Amino acid sequence: MFILVNLKAYPCDPVAVARAARDVADAHGVRIAVAPQAADLARVEATGVETWAQHVSPVEHGSHTGSTLAEAVEANGAEGTLINHSERRVTLAAVDDALAAARRTDLETIVCANDPEQAGAAAALSPDAVAVEPPALIGGDVSVATADPEIVEGAVAAVNAVDPDVELFCGAGVSTGDDVEAARDLGATGVLLASGVAKAADPRSALEDLVSGI
Ligand SMILES: O=C(CO)COP(=O)(O)O
């Protein structure tokens, strides 16, 4: 199972979380990545943790003030990027262009989707993975795998029907090892989470708990 910790714009210490994630990943042989704010990519990458961008703009080099260029996030240590997160939604054309931007580099890609229908549509654009995250459950205490297992199973089926090479991850409310295990049992090969680590009093213990389910 791949565990991606999205720090969003939470007021946590990205370097402290990154060090904890690196240590837990190394100690347990689990793939854990951290997605900080774009401005924090380089110092998070310097910890040695696998580092991801939260977003890349659907543009090339040029007159695009305020953009997050794929080349720039890669140059600052990102190995992959989220696209179309529920809190950073873009049009279908922009998903396609952001994937093209990522493909100009070596960035891995996860396209987020709200439900199985969107997951199938996202899979048609051939990202490395699709992550299904029901918006109503994001930031809550109950994990998607517990609150709405049909959404995960439906997304697994929808993505497999379109392109079995695209992986299916899930997220929203994931915070414990039991949640990770439940996601895996439903067919997900990774989880996205944020508040369970970024808002935890002790992010290292939260990460230790998460990997206990693998
Ligand atoms: O949006 C998410 C990860 O990208 C999920 O957020 P929570 O883990 O806080 O529900």
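Placement of Cβ uses the backbone N, Cα and C atoms for every residue, glycine included.
Automatic prediction, not curation, is the source of TrEMBL annotations.
Annotated features in TrEMBL:
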BINDING   Asn6, Leu7, Lys8, Ile138, Gly173, Ala194, Ser195  substrate binding site
ACT_SITE  His85  active site, electrophile
ACT_SITE  Glu133  active site, proton acceptor
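Feature map: annotations from TrEMBL on the structure.
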{"residue": "Asn6", "record": "substrate binding site", "Cβ within 10 Å": "25"}
{"residue": "Leu7", "record": "substrate binding site", "Cβ within 10 Å": "22"}
{"residue": "Lys8", "record": "substrate binding site", "Cβ within 10 Å": "19"}
{"residue": "His85", "record": "active site, electrophile", "Cβ within 10 Å": "22"}
{"residue": "Glu133", "record": "active site, proton acceptor", "Cβ within 10 Å": "29"}
{"residue": "Ile138", "record": "substrate binding site", "Cβ within 10 Å": "20"}
{"residue": "Gly173", "record": "substrate binding site", "Cβ within 10 Å": "26"}
{"residue": "Ala194", "record": "substrate binding site", "Cβ within 10 Å": "26"}
{"residue": "Ser195", "record": "substrate binding site", "Cβ within 10 Å": "20"}
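Spacing of Lys8 (substrate binding site) relative to Glu133 (active site, proton acceptor) is 14 Å (Cα to Cα, whole number). Cα-Cα distances to the residue listed as 'active site, electrophile' place Glu133 within 10 Å, out of the recorded positions Glu133, Gly173, Ala194, Ser195.
Taking a Cβ distance under 6 Å to any atom of ligand 1 as the criterion, the binding-site residues Asn6, Leu7, Lys8, Ala194, Ser195 reduce to Asn6, Ala194, Ser195. Nearest to the residue listed as 'active site, proton acceptor' in space, judged by Cα atoms and limited to the binding-site residues Asn6, Leu7, Gly173, Ala194, Ser195, is Gly173. Largest Cα-Cα distance over the residues recorded as binding substrate, namely Asn6, Leu7, Lys8, Ile138, Gly173, Ala194, Ser195, equals 14 Å.
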